Structures are given as structure tokens and as C-alpha cells.
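Each remark here refers to the structure printed beneath this line.
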Amino acid sequence: MAEREVIGVVGGGQMGSGIAQLAIVAGLHVLLYDSDSEALARATNSISASISRLVAKGHLSQPAGDNAMKNLKCIQNLEEFRAADVIIEAIVESEDVKKKLFSELDKIAKVSAILASNTSSISITRLASVTTRPSQVIGMHFMNPPPIMKLSEIIRGADTSDEVYVTIKSLAERLGKTVICSQDYPGFIVNRILMPMINEAFYTLYTGVATKEDIDTGMKLGTNHPMGPLELADFIGLDVCLSIMKVLHEGLGDKYSPCPLLVQYVDAGRFGRKKGIGVYLYQKEPAKSKPSPSL
């Protein structure tokens, strides 16, 4: 199969913009879609700032940085994906929403196009079932944030062809990633291991075994993790953690039941860093007014 040169990315959030950045720096042409023009503006600014930092640190030449930005085109019409060789979905972690999108993309994309999902837990086989090209549907799970994390987890659905797997593996390697391959089981590899640990940290807090600070300190200093599990959950997003735990619970049984405290925090809108509050509080204190000068 010929090397894929036009990459479509659906979703202008942190994951989508990060994937788009990787692709344009690698010399690929990228169509970045979001229905929200403000999300696209934020994504463009974020990508531009990140590339400027790479240039400033000497990791990328100025001409290469300039050319990378020229490879990025933001779009608000899915029809423009007709030109894409690979379309990578990076939207909300909801099976119903992803299935609706894949059904739409299947009708738009050219016959040879590969449809990839950045899902962290949802069945690739079920996503592929709503398309007419199940052999060309695959999971391509980037870690957060994509430009920094070195891993890409590739997931083969029941019908994913060897040719498509080899193409997507080569693409991930071109983007500078080390590739691991998972079969299509709930949570795949990384989240099958990581999310139960995070969930258990919530149970440890919920049952009063220790404070959140001691739980995180224990795991950082006792197991050499760079970030404690509760702090990591805030970084990932508690809503995302809960969604993945629900997938694990449904597919693997009660051993993976989400902790009631995690459910409660999500119900309260405490999603983590992106909301300013999760397990920890991230909101900045209002600036104190300076005292008036004495007369």
C-alpha cells in the first residue's frame, strides 16, 4: 500500500491537536476538523506555540517549523475528508457518538481510506460494524499529550487486515512512536492495567485508608511513578477515567466496578485539571489588590 500523505483528524481538543502536530512536523498534510471554530482557533494557536518552542530549543529548524504550519488546514465540513488517506478520530469517549461519526465518515471517505480511532477503551470491532469497510478500521491510541508521550497502541479489530495494520504501524513510527499491538479486548493493554490502579486509588481514598496526598506520595516514591494515580486521574480527566472503567466493568465484570467516589466527582462536574477541580483544586486564587499608597 502506498505511503499515506493526507491525514484527517477529527477533533480539535488536546488529543486531536497533538496528533495533528505530530503529523505536520513529520511532513504530512493534515486536515483538522472540528465543528467549533473556537476549538480550531485554540488548536492552531497551541500547535503554533508548540512548534515555536521546538524551534527555540533547536529540536526543529525554522524552515521546518514554517513548513509544518503550512501543512495544516483547519476545516468545518466533513466532506473535505474525501481527500484523506487516513482519518483519525479523536473525539469524546462515547461509543454511540463514535459510531455515528464512523458511519458518516464511511460514506464520505474514498474507498481506499483507512478509518482509525484514538479510543482508549472502546471496541474497534463494534466501531467497524457500522461501516462497509471493517477490514480498514483500526485503533490508533496515542497517549496524552501526543507530542510528548512516546507510545502508540495499535488495536486490531476482528476484521482489520494485515495490510492496514502494517500501514498504520508504519505511520505511527513515522510520527516517532514506539508501537505496541493489542487485540480488541476492553481497555486494550495500557488502560486494562492503568485504570484499575486509578480506580483502586479512589477506593483507598473513599474508604479512608489515607489522604489523597499520601496515596499519591506513596505511589510516586514507593514505586517510582512520576505522578501519583489521583493526580494522574485529574490530568487524564475523571470523566474519561469513569468512561473507561464503565467499559471495563461491562466487558470484564464486577471486579472492575467504578468507585462510587469517582462517580460522585464526575456527577459533580469535578473532571480534573481541565475544569480547575477534580481530586485536587487547580483554580487560581484571585489576585489580591495592592494596598493604596499612603498620602
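The backbone N, Cα and C atoms fix where each Cβ goes, and this holds for glycine too.
Just so it is clear, the model here is predicted, and its values are computed rather than measured.
The CoA binding site annotation in TrEMBL covers SER50, LYS57, SER120. TrEMBL lists 7-184 with the feature domain '3-hydroxyacyl-CoA dehydrogenase NAD binding'. The domain '3-hydroxyacyl-CoA dehydrogenase C-terminal' feature in TrEMBL is assigned to 187-282. The site 'Important for catalytic activity' annotation in TrEMBL covers HIS141.
The least crowded of the recorded positions LYS57, HIS141, judged by other CB atoms within 10 A of its own CB, is LYS57. Cβ neighbours of SER120 (CoA binding site) (same chain, under 8 Å, six or more residues apart in sequence): GLU93, HIS141, GLY187, PHE188, VAL190, ASN191, VAL240, ILE244. Across the domain '3-hydroxyacyl-CoA dehydrogenase NAD binding' (7-184), the prediction's mean pLDDT works out to 97. Applying an 8 A CB threshold to same-chain residues 6+ apart, the list for SER50 (CoA binding site) reads GLN21, PRO147. Under DSSP, the residues of the domain '3-hydroxyacyl-CoA dehydrogenase C-terminal' (187-282) split into helix, strand and coil as follows: 66 helix, 3 strand, 27 coil.
The CoA-binding residues named in the record, SER50, LYS57, SER120, extend over a maximum Cα to Cα distance of 31 Å.
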